[in-house]
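Novice: So TrEMBL has the following annotated:
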- 1-25: signal peptide (SIGNAL)
- 30-129: domain 'Cadherin' (DOMAIN)
- 130-238: domain 'Cadherin' (DOMAIN)
- 139-160: region 'Disordered' (REGION)
- 149-158: compositional bias 'Basic and acidic residues' (COMPBIAS)
- 239-343: domain 'Cadherin' (DOMAIN)
- 344-448: domain 'Cadherin' (DOMAIN)
- 449-558: domain 'Cadherin' (DOMAIN)
- 580-677: domain 'Cadherin' (DOMAIN)
- 695-718: transmembrane segment (TRANSMEM)
Amino acid sequence: GRRWGRRQRALLWVMLLATWEAAWGQLRYSVPEEMPKGSFVGDVAKDLGLQLPALIDRVFRVIERGRTQYFSLHGKTGHLVTAERIDREQLCERVQQCVLRCELIVEGEMKFYEIEVEITDINDNAPSFREAEKELRVSETTAPGSRFPLREAQDADSGRNSLQSYELTGDEHFSLAVQSGPGGDQRPELVLAKALDREEAASFELVLTAVDGGDPARSGTVQIRVNVTDANDNPPMFSKKVYEARVAENLPAGSLVLEVQATDADTGSNGQIFYSFSNVPESIRALFTVDGNSGEVRTVGPLDFEEKNKYIFGLEATDGGGLTAHCKAQIDITDENDNAPEITILSLSSPVPEDVKTGTVVAVLKVRDRDSGENGQVSCELSGEAPLSIVASPGGSYKVVTASALDREQASEQRVTVVARDRGRPALWSSTELVLEVSDVNDNAPVFEEAAYSAYVAENNAAGALVLRVQARDADAGANGRVSYWLAGGSAGAAGAAPLVSVEARSGALYAQRSLDYEQCREFWVAVRAQDGGAPARSSTATVRVFVLDRNDNAPRVLWPAAAAAAAGEAPAAAPFEVVPRSAEAGSLVAKVVAVDADAGQNAWLSYELAKATEPALFRVGLHSGEVRTARAVSERDAAKQRVVAVVKDHGQPALSATATLHVVLAESLQEALPELSERPAGAEAAAAAAELQFYLVLALALLSALLVLSVALAVVARLRRA
């Protein structure tokens, strides 16, 4: 309970006295040891001039140089707090000023702040002696003023809280003297104040008290029993006051470190010497042992230069009569290259835009080798083909920067191995892989597979028919690589060019908006623009030329004889007439049938044939010219009025045709032909019409008779089924 009260008072003391100072670009705080986890150390946000909202938006990391993380940064308040309970005596044994150093890293801004925290001592350790009881043998012949060295007390605290004084109580025959050792330590000595008489008193009980300077002070005691014996007038003597040795770390257990030697002029048991540690902490006993007979100091535990590079402790020699001598052992540990460099990634900017400038910092590394000298000197290099380089910075940190332009379309991520190698022999090395993702920027416009497209569409197509599918590719990613299509103009002077087709924005498919007519528009072009989804957007344009293919959808049209023009299957209208002399010879030109076809190609190639005539043997029609000529000489037996029907056909699939009717009068002159022309309406045409009407009447009568017979038969069948 009393110890906890002292800790509470110490905690109150640190909360009042914790201060900071900024020197040489560093923040410096002090905090007492043994503070509970989460205790306030310093207001980093205030000391760095950071506003709290800005602090929350940033990412801070506290990197300590040791293996244990003793401090952390409170993200909401910006306070530096303790992350673990700190024991100053464990961290800084026998060190006057205990300072822990760490680095505060602002990720994203690549800023570093050095922080030093001094761990101040509190009086949490009382002085203690190695043994609770000590027995001395003093000869009764010992002269007053003789001194007997005593083992020192140990106090793990430092400064005023450490051991300050000794007090002796018990008997007036002895007093206390304190000598200063080579390292400033206090060595108590028992001084014989009055002559001893074994017959009066064979032993004395004394109490040695060690007191520290804390407030309140703490103390420890040892009971000393002095037995009065016969004379042992020569104490042991070491050959040296300080024995020094230099050994390498990582020695195997049992290795000889040094050997001490003491002599005693006495004989017998009073001259026999036993070696042992003087008052040393348990940490020394865990690493070294001393042979009581030979004085050899050997290792029992691993020596680590990185943990501690020098050990100083006391040894004593005791003879059989109880007299002792003291010396110091100083062991320097030399470094071996037993630690590979340690690589810590402090900050990594990933992903990084592909358009960053050359020399941009993308990662910050900390490389630390716990060895010293050349064994701890480290060089770093990058292994791998990547447009990155590494630059050394003060304090053992390295920056990875871009060495050339990045291109996400060539490599979406950059992998590089950081290799750290020390200068030891043999050299040790370590490596870590950096993976840097490259984010996309809109630096590529869509590219069409072809700069110009051609499409062929047959006329009379259905509305919505697919004309062509264009495709453009964008090397960018995400929205920057998402392509949409638009129409961007059409044929100059073609009023219907733009409305004729439409384009689907996502697929690039062009569809016909309506049926195309070759006879109205034989070809047209449109410009299609491909645009990505970047900001700002990038685009490119391709030309699509559409050719309309002809179909045989137009029948030939007879221009002359105009009045005789009629579609196939229709009754011919009244036609003009031609007068042919009866003296005409074979091959005489009667007339010329003139026809045109709106289609193109073979659909417009026309041929002429004689369909029928009053005298078929009298006339012939030119296959390609359409000329109607006499096939033989006109005779007197030929009728005066002749009717000639010519068929005009194209070469489409299927072929379309038209007819031209020509009336010919065989007469020597126009006056002779006029009487024949006046009788033409009552001629053969009327007879043909009457015959056709008679055919349809007979057909209707036959159908009615068949229906009657079928009805009677059905009625008879129905009656039979009922019966």
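Here the Cβ of each residue, glycine as well, is placed from N, Cα and C on the backbone.
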Novice: Which residues of the same chain, at least 6 past either end of the transmembrane segment (695-718), have a Cβ under 8 Å from a Cβ in it?
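Specialist: For the transmembrane segment (695-718), there are no nonlocal Cβ contacts.
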Novice: Just give the helix, strand and coil counts over the domain 'Cadherin' (130-238), going by DSSP.
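Specialist: Secondary-structure breakdown of the domain 'Cadherin' (130-238): 3 helix, 55 strand, 51 coil.
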Novice: Counting by DSSP secondary structure, give me helix, strand and coil numbers for the domain 'Cadherin' (580-677).
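Specialist: Per DSSP, the residues of the domain 'Cadherin' (580-677) fall into 12 helix, 41 strand, 45 coil.
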Novice: Can you tell me how the residues of the domain 'Cadherin' (239-343) break down into helix, strand and coil by DSSP?
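Specialist: Residue counts in helix, strand and coil order: 8 helix, 48 strand, 49 coil.
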Novice: What is the pLDDT of the domain 'Cadherin' (30-129) when averaged and given as a whole number?
Specialist: 79
